There are 2 protein chains.
Amino acid sequence: MIEYRTLRVALLGAGSVGSQVAKQLLEHGDELASRAGTRIELVGIAVRDVDARRDVDLPRHLFTTDAQTLILGADVVIELIGGIEPARSYLLQAINSGADVVTANKALLATHGPELFAAAEQVGAQLYYEAAVGGAIPIIRPLRDSLAGDRVNRILGIVNGTTNYILDRMDTEGDDLESALAAATALGYAEADPTADIGGYDAAQKAAILASLAFHTSVPHDAVYREGIEGITKEQIDSARKAGYVVKLLAICERILDPATGRDGVSARVYPALVSRKHPLAAVHGANNAVFVQAENAGDLMFYGAGAGGPQTASAVLGDLVSAARRHVVGGPGVAESTHADIPVLDIGSVLTRYQVSLEVADEPGVLARIAGVFSDHGVSVEVVEQSTPRSLGGEATPVRESPARGATLVIGTHEAPEAALAATVAALAANEVVTSVASVLRVEGA
Amino acid sequence: MIEYRTLRVALLGAGSVGSQVAKQLLEHGDELASRAGTRIELVGIAVRDVDARRDVDLPRHLFTTDAQTLILGADVVIELIGGIEPARSYLLQAINSGADVVTANKALLATHGPELFAAAEQVGAQLYYEAAVGGAIPIIRPLRDSLAGDRVNRILGIVNGTTNYILDRMDTEGDDLESALAAATALGYAEADPTADIGGYDAAQKAAILASLAFHTSVPHDAVYREGIEGITKEQIDSARKAGYVVKLLAICERILDPATGRDGVSARVYPALVSRKHPLAAVHGANNAVFVQAENAGDLMFYGAGAGGPQTASAVLGDLVSAARRHVVGGPGVAESTHADIPVLDIGSVLTRYQVSLEVADEPGVLARIAGVFSDHGVSVEVVEQSTPRSLGGEATPVRESPARGATLVIGTHEAPEAALAATVAALAANEVVTSVASVLRVEGA
């Protein structure tokens, strides 16, 4: 009989993830313990209200409202409160008392990651956060460890299940944004206030975490360029389908050339983009997540699975707990977060992208020439132009004629160009008298 | 300026992977060092013939034929020789001298894994083998660490790029096996003697490694049931397509009920199987690999990427090297391989599967009733029967009539049943006088 040391685990928070973690620990603690080589004891669960209703029935004696005392007696602290405070203070307290910490708190990592990593490094503690991005999908360890000997060039991530559900439903069911959102809310995918998801804020936090990891540098979440899906219309989804694309909200982390220095820079950005239906990301349906990684030697990799949910996120948290327990057996300081590369984070204007622009244009001779002139004036090269009349929208695009018919719609796809030039082109188009309106502007990614 | 300790790395083998590892280490050693927090020095490369031609130009002074002396002076030994001996002796020597070891040697792990893990545990060394399965795809760490707090129930893996290329080509180009194999050979995907790939031996070794990891138990490679793709015909691929399936060579690792004890057992098996075209694995084309994992809490996960190739495999090896280097900084013993669960490995006969059987049957009244009788005699429930005449093969299946037309083909899909009962059914069908021949037997997986 092996004599195990005991790992004392404190849990902060008993929401949908926390209560699942507690349940699994109480039911399968022995199994986890034998995998880790140490006994694992859940010493307590700190909550605001001991009497609140929980998803799972848990022993009442484990609950406490005194998080700080609970943390003091723990070898590992699992933080599942969410938000910035008091989560940040509790984690710093835990780290400073020498405990390893496990968290699923993307908002906290995206805003105070460097502070937490520095505190952990100082005392030799380890911070685990596999659950912070992509729910149960292992993506943190692969980037941090498996790809540590490679050079990641680009990440395209579907990292927000709510928006993927909505966009997928608009594509497959023909819903408009409003009714797709209502369906997501009814299924519990969207929260009462869906701004964090719809506005791309959640995805931007995850982009900051992924970019920091992938490029071994520190990318604050407010350096992530962000657009949400609020403006996405049924018409855009339909046109995309006809052109062989699907619209996905992407978190993009890219190693690009800094035009100012000619050296490596990092771009992290979130926006809805057109993705070819042949791209592996196009097959990610419903509320699923996937992270597509392009590395110098490894080539194209993809990690796919459920991006949220209590049991799913608990799986990632418990995997981190077993890692912490194994480390506890071995002893010694934790591995410091690798941010040595210190690559500058560049503005969206420096990024090279491709635009697809739909314009409603006046019925005048020479319109196409004038539109084309606006693109060339900004140094943007046009790849393809298609014309369709309003009535044919939803039908086949018709070939371009020099003089568009009354109230025609032009769909213009560009070659790759600097984002700043593309944005300036669109502004100039909007101001041009032959343009009735700019109906849609979407970037094309993943080509 | 941080003062780093130096990690002395010995490389055994300079083939397509080894020479890439050496090249990357020499060119990007500083980058890897800063990620690891230690200086990394390639102290030598052991080869059989110093003067042999290499894929990559490497400094001649690094080469030696004296592997044993090289190993003695190393902190980390990277074994990329392949095969059982002398790889096994070298790795044991390295481990016993206290070095951590990195290997891509699936054959060695599948046959002598327990011996190597025990040796490593005894001295507190660590054995890394991310490159042994799925090339650059991170799958070892996700199973070993990320999912350590969950319960894996099933793995369906496309883990052999050569056979996936061949089957994909038969499906998309209409090639027969022979010409698809010739194409694979011409592209360098298949070796001169393709037996290890085509016969499923390579996949079986990987299945043993994945099953051992996923179920925390020891699964020897000779306990893996194995069928290759030698018998797969163009006709089978075509019929599969028409029925909404694609044929994939799958490595299947499954937690099943041991019928003898009513407790958990493990099945590891490799065979070509019908996979629904809607399954994520169906979209894995060319020589790519993918591992589909079903876990209790995490749900469905998939890991996708290039399964082979020098730079790709080198990426995984170098990721392991950075992990070893980080561990070297921290010190302390390695984490022992978790095989505590000690679940029995069950025979293929205990597995529940679904069969799709194509029979050529005689032109007699009452044939269908007699065929159906054979299934029911063996306790196998039939889900669907379709009849097609030989001429309509390649066309639409026609509805079943009680008396099949002259030389008709019956395609029978079963419900899930024990493999032993299904195999006995097929044997009885083959011996039945109304059956002219059993044209095809394929299992259906991933439903």
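For all residues, glycine too, the Cβ spot is worked out from N, Cα and C.
Database features, via TrEMBL:
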type     : residues                                                               : note
ACT_SITE : A:Lys206                                                               : active site, proton donor
BINDING  : A:Leu12, A:Gly13, A:Ala14, A:Gly15, A:Ser16, A:Val17, A:Gly18, A:Ser19 : NADP(+) binding site
BINDING  : A:Lys106                                                               : NADPH binding site
BINDING  : A:Glu191                                                               : L-homoserine binding site
DOMAIN   : A:356-443                                                              : domain 'ACT'
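Distribution of TrEMBL features across the structure.
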residue	record	contacts (Cβ under 8 Å, 6+ apart)
A:Leu12	NADP(+) binding site	A:Gly18, A:Ile45, A:Ala46, A:Ala67, A:Leu70, A:Ile71, A:Val77, A:Ile78, A:Glu79, A:Leu80, A:Ile81, A:Ala87, A:Tyr90
A:Gly13	NADP(+) binding site	A:Ile45, A:Ala46, A:Val47, A:Glu79, A:Leu80, A:Ile81, A:Gly82
A:Ala14	NADP(+) binding site	A:Ala22, A:Ile45, A:Val47, A:Ala52, A:Arg54, A:Leu58, A:Phe63, A:Leu80
A:Gly15	NADP(+) binding site	A:Asp55, A:Leu80, A:Gly82
A:Ser16	NADP(+) binding site	A:Asp55, A:Gly309, A:Gly310
A:Val17	NADP(+) binding site	A:Leu80, A:Ala104, A:Ala131, A:Gly310, A:Thr313, A:Ala314, A:Val317
A:Ser19	NADP(+) binding site	A:Arg54, A:Asp55, A:Val56, A:Leu58, A:Gly310
A:Lys106	NADPH binding site	A:Ala132, A:Val133, A:Asp202, A:Gln205, A:Lys206, A:Ile209
(request) Check the residue listed as 'active site, proton donor' against DSSP and tell me helix, strand or coil, would you? (result) helix
(message) Let me make sure I understand the structure: which of the recorded positions listed (A:Gly18, A:Glu191, A:Lys206) has the fewest other Cβ atoms within 10 A of its Cβ?
(response) A:Glu191
(message) Can you tell me whether DSSP puts A:Ser16 (NADP(+) binding site) in helix, strand or coil?
(response) helix
(message) Beyond the listed site residues A:Leu12, A:Gly13, A:Ala14, A:Gly15, A:Ser16, A:Val17, A:Gly18, A:Ser19, identify every same-chain residue whose Cβ lies within 8 Å of the center of their Cβ atoms for the NADP(+) site.
(response) A:Leu11, A:Gln20, A:Val21, A:Ala22, A:Leu80, A:Ile81
(request) According to DSSP, folded down to helix, strand and coil, what is the residue listed as 'NADPH binding site'? (result) helix
